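What follows is one structure encoded as structure tokens, with my remarks underneath.
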């Protein structure tokens, strides 16, 4: 499958998943988390009515210049079926939005969820590609100016870009108009290596994942970012998910299998959908992961700290 066809397939799967989520889940759509036209989020809830839920926030990819929350609800139905609320966040993509604005918007979206649902059982952030970059920047946020410290319990960074400097002189930068200074200021890798940013909560786990068929640059950046996190004191792990490319790694979050949607209350009963490494974050730190193994692409490998 060529790149253009893969992108069309990815977009269509996202549109269909979003339509299904909106048709079948309790939801609040287009909720403003700020004053800007693009500062909206969709919130999907499990059937049970409660604000004391884990919240899973997703930031879409698209090289900061494409993509939309309206085609990104891949994981909503599997997660809400497990009692997890899902938040799909929109932000102002280029050329309307600058990188500085996007980074600020995603941080404010997280603060908004914490303030709106202060009884939450943890906020888990997931980003794909450019969205993984934005989620990684949340790791470095100074929450003082937001007036709240979110109850962040885990990060799942999927096929991300963490050093933006190589993009400055490429065609991908045309809509962004990113200067070298912009790239340095908004590169989480640089913050870790130069500014020596320290974790607010060293126990908060970070899983950096990449698809086996992602490009060598995504592999390089993912490994180096995870290693920098570990050196900086974060609890970070790296996983290469077998048999998936840059788009399939997210497309697979829509997979449905009745046997896999029945997560029990003891480790021996915990089942995980294929390629759903994020379940490790959601379950391990609720005390349900000890002794469990992952089927599919992660079979026989426990989530482990990186070097």
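Including glycine, each Cβ sits where the backbone N, Cα and C put it.
A TrEMBL annotation is a machine prediction, not a hand-curated record.
Features of the protein shown, as given by TrEMBL:
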ACT_SITE  129  active site, nucleophile
ACT_SITE  214  active site
ACT_SITE  246  active site
DOMAIN    41-227  domain 'BD-FAE-like'
MOTIF     60-64  motif 'HGGXW'
Residue distribution over DSSP helix, strand and coil in the motif 'HGGXW' (60-64):
0 helix, 0 strand, 5 coil
By a Cβ-Cβ criterion of under 8 Å, what residues six or more beyond either terminus of the motif 'HGGXW' (60-64) are in contact with it?
71-72, 88-89, 93-94, 97, 99, 102, 127-133, 159, 172, 175-176, 250
Rounded distance in angstrom between the Cα atoms of residue 129 (active site, nucleophile) and residue 246 (active site):
8
Could you round the CA separation between residue 214 (active site) and residue 246 (active site) to a whole angstrom and send it over?
5
With Cβ-Cβ distance below 8 Å and at least 6 positions apart along the chain, what are the contacts of residue 246 (active site)? List them in sequence order.
6, 129, 159, 211, 213, 214, 215, 218
